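Noted in TrEMBL for the protein shown:
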BINDING   Arg103, Thr394, Leu395, Asn396, Asp418, Ser447, Ser448, Gly469  L-glutamate binding site
ACT_SITE  Thr376  active site, nucleophile
Amino acid sequence: MKSSGIVSLALSLSVLIFSCGKKEEVPSPKIGLIAEKAMVVSAREEASQIGLKILQKGGNAFDAMMATEMALAVTFPFAGNLGGGGFMVYRMADGSTGSIDYREKAPMAASKDMFLDENGDFLSQLSTKGALASGVPGTIAGIFEAQSKFGKLKPSEILQPVIDLAKNGFVVTAAQADRLKRNRETFIDVNGPHTFFAREIRAGDTLKIPVLAATLERIAKNGRDEFYTGETAKILARYIQEKGGIITEADLASYQAVWRDPIIYPYRDLKIISMAPPSSGGVTLVQILKMLEPYDLQALGHHSPEYIQLLVEAERRAYADRNYYLGDPDFVKIPVNELLDTEYLKSRMSNFSFEKATRSSEISQGNISFAESMETTHYSIVDAEGNAVSVTTTLNGAYGSKVYIDELGFFMNNEMDDFSAKPGVPNMFGLIGAAANSIAPGKRMLSSMTPTIVEKDGKLWIVVGTPGGSTIITSVLQTILNVAEFGMGMQQAVESPRFHHQWLPDLVNFEPNSFDSTLISTLKARGYLINEANSPIIGKVDAILVLPDGRLEGGADPRGDDKAAGF
Ligand code: GLY
């Protein structure tokens, strides 16, 4: 389908079904945007369109990554960023794979107990709000590293449409206006009454950010060094220190993105390619899939009590391991092979029974745990050559630390909260960490980001990922299973309701009003503790599926303003 203008095929057609002589209307599954050759799916239509424009100009997926990531920083400051970090997993058209880690790092002046008071109590405000909460940003290093290695266009050419977008403005959506309003007092509290986002912003307003356009212009001219050693670095370090933070110019100058081998494991006839530590995403996703593999999921039925039990029990066990064993591989030894060993994972499930829930108090890390945010963002890209990138990037919390550098036009992350500031005490996502993820100077904090690519029969099949803090892994899992086990299309798989369990707290979270009450009662009777009332949106998945005829179907999550664009 030709399409740049077509946002979605999302058919609202219904099929008529005749049963027992009665006519019932069953909505037909949603179908996402279908494109012949190339696609970008992201949290904002403008970002997807700019990525697409770069692809149409002859750029490849890595060029489009730079454009999409920076367009999200302009139009989606909630999570899109220059002041944060992320992870990218790629698969080239020839089947070669790799990944880049541009996760933030603890500043050199950071220390293990920096968020504890004199009694050793955790001061969670300090790790979530204000300048001390920020790690050294990695985003600009990451996009330049990836683009310079694999891209085809000049960064200045790629960044020009983003600079124009920041100068000319974008239209604020209703959800965005609401989020900005809810956070306005905090922006003022952290940055003073004259900060850019102190203004009242309404849905439908056109928001121009000329200061960010100027920062991007300098980066387009001077490259990544502008951010790490240039004028931008000086302004950033000065503002952070004025606000009581500890990031120095030396911290910025020494930041490097790191190429890492992805986690690659088979699941049935598929190959899962996902992010390795310091993200827990790949290890935990594969652990869960391997625990599920011995079971016939199709026979259990989609969203049957037994299917939900099985996923929850596998998740419980995998998250207990995550929180104990995982951290920055440059600082701690992570037993990846042991954690992914088939016999080990079989033994982890040996005490599971469909009769009754296991209690999380009965499960600890296996003999051989961790932390993160809802306010991340993910985009998936496939270019016309067949190269794919799966990218998840974040400021951690909504608008990160809320520190907004007015001279530069962007927010800083609060990623220091993803460390385990005090073993055994939950972070903002209720995740409980251990020594492997304790704070140390120059260390990367553990993440849940799970940018993932799935191959089938040796060919590119799915590009997927999502925001959602601790729920990222389980949302990616369910999306893959929806397609692989239950034959859903990409949009349908993305829209399907989701549930989540993370070992502690020992609760199964369901998207509100999305699951049948009989199902919930059955699970309660089997001993599951359910949270439906206070369960936020679980992930916003943006994904691409390669259809049997080689065309692409986008899955853009309607839980956000997400959109696919393709040609
Ligand atoms: N800050 C969210 C994550 O890294 O998982």
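Positions of Cβ are set from backbone N, Cα and C atoms, glycine also.
Any TrEMBL annotation is an automated prediction that lacks curation.
A map of TrEMBL features onto the structure.
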residue	record	DSSP (3 states)
Arg103	L-glutamate binding site	coil
Thr376	active site, nucleophile	strand
Thr394	L-glutamate binding site	strand
Asp418	L-glutamate binding site	helix
Ser447	L-glutamate binding site	strand
Gly469	L-glutamate binding site	helix
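Listed in sequence order, the binding-site residues near Thr376 (active site, nucleophile) (C-alpha within 10 Å of its C-alpha) are Thr394, out of Arg103, Thr394, Asp418, Ser447.
Ligand 1 lies within reach of Thr394, Ser447 from the binding-site residues Arg103, Thr394, Leu395, Ser447, judged by a C-beta closer than 6 angstroms to any of its atoms.
In this structure, Thr376 is the one among the recorded positions Thr376, Asn396, Ser447, Ser448 with the smallest number of other Cβ atoms inside 10 Å of its Cβ. In sequence order, Phe78, Ala79, Asn81, Gly83, Gly84, Glu375, Ser401, Phe411, Met412, Asn413, Asn414, Glu415 are the residues near Leu395 (L-glutamate binding site), counting only same-chain partners six or more apart with C-beta under 8 A.
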